[in-house]
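According to TrEMBL, the protein has these features:
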ACT_SITE  THR189  active site, nucleophile
BINDING   ARG217, ILE218, GLY219, ASP220, THR239, GLY240, LYS241, GLY242  substrate binding site
Amino acid sequence: MGWAIAIHGGAGDIPLSLPPEQRQPREEALQHCLQIGVEALQAKKHPLDVVELVVRELENIPHFNAGKGSVLTNKGTIEMEASIMDGRTKKCGAVSGLKTVVNAISLARLVMEKTPHIYLGFDGAEEFAKEQGVETVDSSHFVTAENVERLQHAQKANIVQIDYSTQPLQKGTKKEEPSVANGDSQLGTVGCVAVDSNGNLASATSTGGLVNKMVGRIGDSPIIGGGTYANELCAVSATGKGEAILRATVARDVAALMEFKGVSLKEAANCVVHERTPKGTVGLVAVSAGGEVAMPYNTTGMFRACATQDGYSEVAIWSAS
C-alpha cells in the first residue's frame, strides 16, 4: 500500500493535430498540479486536503473549463459547479450555479463541513459563500475573450456543446457538427483523486459546464455518484458528456463493481467506461485504497496525469499506441 494521485482536465474528441501552442500549456499545467499534489501527499496531508488543493489550482488556470476558464451559458453568464467527497466517512459537499466564487471546490467543502446539507445551489450557495467569507469577485473576472468567442461560435451554429471537451451537438438533431477547427475547444472539467499510505481516499471535481448551455442546467460534476464518488475502496472523478455520465452513474458504478463483485479498480473502471457507457462520452480517473491507479476513457483523448509512491509518473492526452 502506498499513496497515489490522479488528475484530469477533460476527455473528448481531442484532435491528434492539436497545435503545440495549445497542447503544451495544458500539459505543463497538469504537471504543475500533479507536483503540487505529490508534495502534499509526501508531506502527509490528508487526501481531502490534497484533492481540494489540486482542484483549486486547476480552477485558477484558464486553460481548463473550471474557475477562471469556465465557459458561458446561452445568456453569456457564468454558472460554475463542483463537488468533493471523503471516502472513509462518505461526507460530501456540492455546489452549483456559482457566479462570483473564485474557487467552487472550496465552497463545496464548506457545504460538507459547515452545514447539515450536501448540496447548495445558485442564490443560496452565493449567500452561503458570503457568510463564510470565501473569496468572491465580480462575475466579469471569469469571462475570457476565448470563451466569448466560443459562445459566439456555438450560437451562430445553433449548437450546444455537450461537454466542453467534445464535439457540439446540433439542437434538435443527432447530427454532430465540427468543433472549433483548431481544436482549442478541446478541454474540460477538472478533477483529482488521491489516496494516502493509510488508505484514506478522496475525490473532487469542478467545472464551468457546457458552452451555450441553458441557464440553470446542472451536469454530472456536482452530483455525488455521477461525476464524483469516494468510499473505503476507491475514489473516482469523471469527465465527458455530463448527461451520459449521469445516466450511467459512472463514479458510483466503479465503486459498486468493486464492492459487490470484488473486482480490481482497473477491471471496474474499464467495465464502466468501455462496456456500460456509449463510446465517445466518458473518461475518468480513479485510485484504490491499495494505491492502484486507473485512467480509462472511450473518447479520442483525455488530459490526465498520475503519480504513485513507487516513483511512477505520467502526463498524457492520447493513447501510447
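Any Cβ shown, glycine's included, is placed from N, Cα and C.
Bear in mind that TrEMBL entries carry predicted annotations, made automatically and left uncurated.
Annotated features taken from TrEMBL, shown on the structure.
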residue: ARG217; record: substrate binding site; Cβ contacts under 8 Å, 6 or more apart: THR73, GLU79, GLY209, LEU210
residue: ILE218; record: substrate binding site; Cβ contacts under 8 Å, 6 or more apart: GLU81, SER96, GLY97, GLY121
residue: GLY219; record: substrate binding site; Cβ contacts under 8 Å, 6 or more apart: GLU81, THR207, GLY209, LEU210, GLY227, GLY242, GLU243, ILE245, LEU246
residue: ASP220; record: substrate binding site; Cβ contacts under 8 Å, 6 or more apart: GLY226, GLY227, ALA238, GLY242, GLU243, ILE245, LEU246, VAL250
The one of GLY240, GLY242 whose CB sees the fewest other CB atoms within 10 Å, among these binding-site residues: GLY242
Residues ARG217, ILE218, GLY219, ASP220, THR239, GLY240, LYS241, GLY242 [recorded substrate binders]: greatest CA to CA distance in Å: 16
